[in-house]
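Features as listed in Swiss-Prot:
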BINDING   46, 194  substrate binding site
BINDING   122, 167  ATP binding site
């Protein structure tokens, strides 16, 4: 009960503090990501111009880098914005969308890992398997792997000195020393474009309002999945789910959150 309350308290802090989340993200998910952030009470900022990197780093609460639709100008902005955020001591989230699918994506991800101090890396099991040096399969930006090596996940988090989240049927979060699991969620999330990308931004919002960044990310995972489960109950398919999911993110109450987290997992 106490642990569930701590997770919920972070969700409430997002409503109170309304963190400003700067997203340098892909063109496919911009609208959905912004709506997810608005639904939970955060403030989304979607940016595409490297010229504003220094100014934005001073005012935002967290920076999210998403390489879903890569192009050279965006890569330049990734590096500039990441360095500016590091200088201002703002947390940086990296979503390595589609890594392992092309050599270009692999090279961009390597550059980001080399030049920017990251606070969180969030990807699906295939993407994190690849980053951790395990043979994982990706098809485009989708994962064909439904498993993650907890040992390698922890080693990767320890090596990079960052929080690492690998999402799938079960989500895993590691800080290098400890690894946590989250079992909330629903299969409909895999059928709506941008749900993974939006989760990366939501995790950034949650981690920005608490000193315990690991607990903040775990709260985001649990809350996001619980909202998905609530939305799925009244949805006929992915189309109705997308709208219901935004409503659930906005309206999920503590009693519902607690019930979902404490329900036995089959």
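For all residues, glycine too, the Cβ spot is worked out from N, Cα and C.
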Largest tally of Cβ atoms lying within 10 Å of a Cβ, found at which of the binding-site residues 46, 122, 167, 194: 122
Which state, by DSSP, holds residue 167 (ATP binding site): helix, strand or coil? strand
In whole Å, how far does the CA atom of residue 46 (substrate binding site) lie from that of residue 167 (ATP binding site)? 24
